[in-house]
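What Swiss-Prot says about this one:
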- Arg71, Ser72, Gly73, Asn84, Leu88, Ile89, Asp90, Lys98: substrate binding site (BINDING)
Amino acid sequence: MHQVIQLKILDSRIGDTIPLPAYATDGSAGLDLRVCISEPMQVAPQQTVLLPTGIAIYIADPKLAAVILPRSGLGHKNGIVLGNLVGLIDSDYQGELKISCWNRSQEHFTVNPGDRIAQLVFIPVVQTSFEVVNEFTESSRGEGGFGSSGRY
């Protein structure tokens, strides 16, 4: 499935010295998002910073949303993850995409202009409504919570 999403360039470096979001491989699920800053930025241990991407998107289709996810290598090797863990982009949002970057390590981390810092994945959305009931139809699990369906 392929869908076209509107993208607005907010900084003239996008598409020039800083590439547009792109899939790294044919099998990539996420588009790489890059930092749109003018000079290197130090992120101190345990510090959270909000990084601009220089782009805005408009999904428009209410049956589609996007999530901003961390890049696995940055998290595993450098302790760089998203400050909000996952960023949700609603279909009607039109503002700049920004990345909440949290350095959970004990070392300073340098973010350079154009660095790939997160990834954008588009996901289907099902909007629902609720039916208020007094009792649920019985299920095999019932009210079993944490750990009730197996060891892990």
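Note that Cβ sites are derived from N, Cα and C of the backbone, with glycine treated the same way.
Of all residue pairs in the substrate-binding list (Arg71, Ser72, Gly73, Asn84, Leu88, Ile89, Asp90, Lys98), the one with the greatest Cα separation is 26 Å apart. Of all the binding-site residues listed (Ser72, Asn84), Ser72 has the fewest other CB atoms within 10 A of its CB. DSSP classifies Asp90 (substrate binding site) as coil under the three-state reduction. Among the listed binding-site residues, namely Leu88, Ile89, the Cβ with the most fellow Cβ atoms inside 10 Å is that of Ile89. Under DSSP, Lys98 (substrate binding site) is assigned to a strand (E or B) in the three-state scheme. The C-beta environment of Asp90 (substrate binding site), restricted to residues of the same chain at least 6 apart in sequence and closer than 8 Å, consists of Ile59, Ala65. Lys98 (substrate binding site) has a Cβ environment of 17 other Cβ atoms inside 10 Å. Secondary structure from DSSP puts Ser72 (substrate binding site) in a helix. Using a 10 Å radius centred on the Cβ of Gly73 (substrate binding site) and all shown protein chains, the other Cβ atoms total 10. All chains included, 21 other C-beta atoms sit within 10 angstroms of the C-beta of Arg71 (substrate binding site).
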